[in-house]
Ligand SMILES: [Zn+2]
């Protein structure tokens, strides 16, 4: 009997949550985890759109709320998530993106998963150094012709004012790529995420990865965590 239960548990899809501020490389890393481990990233927006398009009961409920200009309730999002996670392509596991956002949602997600013998296996925080992130964002600009990215401190063109790639001489900066807006974004991120971090720390599933390392190194660190979970 114990052996049967173990086999069932091993087949249960893993549930991962990836946390990280804008610029921490969350999108890139989620894609690498999808490719490397057969995980599926589920973003709240995509889930809602797909459920509405498919006309599932929860999708129809979401549609009428959105049509009335309202916010889709946690219950509806959870119902849609539950439907999606029962699909056959979700064999290895999912990376949740954009949900939960609050500790209330996190607790509701825990309950939903518990009903099918699952749980959040890991909440992985892509940790950044705020001041270094602000410096990164604040100095960046792109070639207006080819889109090549540059940075005031870290990546200047070989010849001042001339794009290395295309020879273009016009560059542009996003209006919101300033130290001030970067600082505001990080502050908002930390305020929103702190309760989630605390929640998953309490459950003993919080993992931290240094997201200031190279993309390859971050991918390697994440791969070790996720590989361990899938093998376990
Ligand atoms: Zn260029």
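Backbone N, Cα and C atoms are what each Cβ position is placed from, and that goes for glycine too.
TrEMBL entries are annotated by machine, without manual review.
The stretch that TrEMBL tags with region 'NMP', taken from the ranges 43-72, 73-102, is 43-72.
Cross-referencing 119, 140 with the ATP binding residues that TrEMBL gives (23, 24, 25, 26, 27, 28, 213) picks out 140.
Proximity to ligand 1 (Cβ under 6 Å from any of its atoms) holds for these binding-site residues out of 70, 143, 146, 166, 174: 143, 146, 166.
Under the three-state DSSP scheme, residue 143 (Zn(2+) binding site) falls in the strand class.
Its own atom aside, the Cβ of residue 28 (ATP binding site) has 12 Cβ atoms within 10 angstroms in the protein chains shown.
A separation of roughly 25 Å, to the nearest angstrom, links the Cα atoms of residue 213 (ATP binding site) and residue 174 (AMP binding site). For the binding-site residues 143, 166, 213, the largest tally of other C-beta atoms within 10 A is found at 143.
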